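Worksheet: the structure to be examined is printed underneath.
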Amino acid sequence: MIRALPWLLVLAGWAGTLLGTGTPGDEIAVYAAYLVLAVVLPGTLLHRALRGSRGNLPEDLGLGAATGLLMQLVAWALAAAAGLQPLLRWWPLPVIAAFVAVPALRRHWRIAEPRPLPRRWSWMICGVLAGVLVLGAVAWTTNPLPPADTVYYPDVLYHLALVHEMTRSMPFEVPQLAGETLRYHYLSDADMAAASMITGIDPATVLLRFWMVPIGAIAVLVFAALTRDVSGRWWAGPPAAGVALTGLPLVLGAPVQAYGGTSLSFSSPSQTYAMPLLGLLVTIAVDVLRGGRPRAAWFLVPPLALACAGAKASTLPPLVAGLILAGLAAIRRRAILPRLALFTALVVAAMLAGLRLFAGGGAGTLGVQPLSLLRWMEPYADTLGRFDGVVPGGPLPPGVQQADEPGRYLIAGIVVWWLMSQSPRLFGVAGLGTRGLRRDPAAWLLGGMAAAGTGAAWLLWHPSASQLYFFLCAAPFGVVLTTWLLAGLTRRWWLPAAGFTAGALWAVFAPGVDPPADPASVSGWGWAIALPGLRTLAFVAAAAVVVAILRRPVRVLAAAVVAAVLGASLATGLAASVRDLTRQPVPEPFPNPRVVTAAEMSAARWLDEHAAPDDVVATNVHCVPIDRTPPCDARAFWVAGLGGRRTLVESWAYSDATVAANGYEGRKYMFQPAPDPVRYENNQRVFTEAYPAGLSELRTAGVRWLFADSRATAISPHLADAAPIRHVSGPVTIYELR
């Protein structure tokens, strides 16, 4: 019971926090049962059968749960392809039955050779899980369950529409533009759709409450297991997992934070979902690089790699780069090269298949422009980059090309500041020359991933800085390498503990530096980002003097610095979450055209309850704010998201054609006009004029419902003559088109 206490506390905290944010208690129980019976149990049994037990239950369950996510994806894909979604909830039964009925499989129900981890490990890892819970609580308290008067982040509603789309049969369509083929890395949405179909819980509740924290918890256990594998130290896993998944770039009192935050994100389910899958794939790669014979685990590699590609397109390129670098480092170890070549070939094949199956317009907009990441950092954006525009503008950002000598110094300073801020993720790369790392090809794999992700972020261009996801997908593995470096520098627990604590305290209590009074001041920004680093380096120098006076080896100082960097990152992330959680919400002024009202949400949910699954809806809602005059910010997404049905033309900001048109007439892609102007114009005239030809076209396109919101445009009083009114809620009138 004592060994289970930290785990019970985390579970109680999870359930209590959900209850406190308005989540029904019966749904909490149902979702918990689903996680155990449909993800963790079948996944753990299969993972043990393919790779054996690790000798302890937490790591078995973590790696098993990641395997369970993969198995559920396979079951979902088969159901969606065959139109057998009602059978999806029963997919775990044949797996569990096989492990009960087949004598050779029964042994995987227990651990044959227990090698339990210390109780301290359980308390440490549960502390990390509590940090993930705090991240979730921040999202839950700022995103009320519908219906409510609130503003959801557009991407959340976009993903909610995709979750509904994933409950339908293949081929999938863009839910906001019915008839357009969906090309997107949508497997995180498929996982949520499967969870909703299996449990019967509304997709909005799954996305807004249940999904993120368990996925993050699985990722924590996977990364802790990976770190113990590579470092050989039990204590290294929890801090590595904590920093990798909840840590933030170092701030140290600077007025701004370096771009590139946590790898778990409520607003990016695809990024979050990729973490446990990619972590599991890398654990297999480490086995291969260290001369292991994966045997049956080879069956996991192709579907797991394809799942990574379908979860987030930026997951596999850094992994391929790391595998190539590891192969070069192990060139003399001929015994492992054939298996490494096979593993790399399988990953490359999955990456290419993913490009064909999942990549859309956003991927096609990716280009080459070194230093374009500067555009998203205030010290550059407020000074040299004020007039860079929304297109690349040359081989380098215009502000870089035109920079004078002080400007070039600022650019160099920003790059150095960014690298220093990201040191928890990059220190290990710098340590590849140390004896403990340079001889192990697994270290070169992790270092190659971190370096490739960093290089892609700084060498590529995207209109929304999506090249940063190459870094965010690889950064956690850089943290694993940094922690491995720390484990190799010390044999005593107190030294990393002391350094970790010192770094955490400095991160929280370092004196702040104000941004420059003149935001366009090059020298002002240069000093604002330099001063925190100089202060920190002064403390490191003082510590070096103490080490020299005490005649301690240099590795003592190195271990303390690495531990301090990790502690500072974890403390920065936790402090930010606590600050967000305790911040008093600022009420939105009402009426606010950005707010989706409770009445509008109720109307959308009525539609979800009464429309057939494949019905198509026409709406006059397109923009944020809802009544915006051109250019329209076409990221409303809530009619398809909350209504759960495909819309003929709702919002088009993320469509292939729109993203590809970025920069046309000087406008960013979300402000581009509708990709099919004729269809859009007819759609609008139906609502404003009850346009007969438009109504006929809607019928031809399969539209069954009209969702008219008077906050968006005027509604013709004659529309009810052509389509009877079925529901009214606040400004929304829903008509049935026959």
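Backbone N, Cα and C define each Cβ position, glycine as well.
Any TrEMBL annotation is an automated prediction that lacks curation.
Residues or ranges marked as transmembrane segment in TrEMBL: 30-50 (among others).
Long-range contacts of the transmembrane segment (62-84) within the same chain: residues 35, 38-48, 50-51, 54, 91, 95, 166, 168-170, 187, 190-191, 193-194, 215, 218-222, 224-225, 273, 276-277, 279-280, 283, 300, 303-304, 307, each at least 6 residues beyond the stretch ends and with a Cβ under 8 Å from a Cβ of the stretch. Residues or ranges marked as transmembrane segment in TrEMBL: 62-84 (among others).
Marked as transmembrane segment by TrEMBL: 90-109 (among others).
Under the heading transmembrane segment, TrEMBL lists 121-140 (among others).
Per TrEMBL, transmembrane segment is recorded for 206-226 (among others).
Taken from TrEMBL, the feature transmembrane segment applies to 273-292 (among others). Same-chain residues lying 6+ beyond the ends of the transmembrane segment (273-292) with a Cβ under 8 Å from its Cβ atoms: 51, 63, 65-67, 69-70, 187-188, 191, 215-216, 218-219, 222-223, 225-226, 229-230, 245, 263-264, 300-301, 304-305, 307-308, 311-312, 315, 319, 323, 326, 330, 333, 335-336, 339-340, 343, 347, 440-442, 445-446, 449, 473, 476-477.
Annotated transmembrane segment per TrEMBL: 340-359 (among others), in sequence order. Outside the transmembrane segment (340-359) by six or more residues, the chain places 183-187, 281, 284-285, 288-289, 301-302, 305-306, 308-310, 313, 316-317, 319-320, 323-324, 326-327, 330 with a CB less than 8 A from a CB of the stretch.
Taken from TrEMBL, the feature transmembrane segment applies to 409-430 (among others).
Residues annotated as transmembrane segment in TrEMBL: 442-461 (among others).
What TrEMBL lists as transmembrane segment is 467-486 (among others). Counting same-chain residues at least six beyond the ends of the transmembrane segment (467-486), those with a Cβ under 8 angstroms from any Cβ of the stretch are 223, 226-227, 230-231, 236, 239-240, 243-245, 247, 259-261, 263, 271, 274-275, 278-279, 282, 312, 314-315, 317-319, 322, 366, 372-373, 376, 422, 424-429, 431, 434, 436-437, 443, 446-447, 449-450, 452-454, 456-457, 459-461, 496, 559, 562-563, 565-566, 569.
TrEMBL lists 525-550 (among others) with the feature transmembrane segment.
Within the chain carrying the transmembrane segment (557-578), a Cβ under 8 angstroms from the stretch's Cβ atoms is held by residues 131, 134-135, 137-138, 239-240, 242-243, 246-252, 262, 423-424, 427, 431, 479, 482-483, 485-486, 489-490, 495-508, 540, 543-544, 547, all 6 or more beyond its ends. Residues or ranges marked as transmembrane segment in TrEMBL: 557-578 (among others).
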Point to revise | Positions whose Cβ lies under 8 angstroms from the transmembrane segment (409-430), at least six residues beyond its ends | key: 243, 247, 249-251, 254, 257-260, 371, 373-374, 377, 379-380, 383-384, 400, 403, 437, 443, 446-447, 450-451, 454, 458, 475-476, 478-485, 522, 525-526, 529-530, 533, 562, 565-566, 568-569
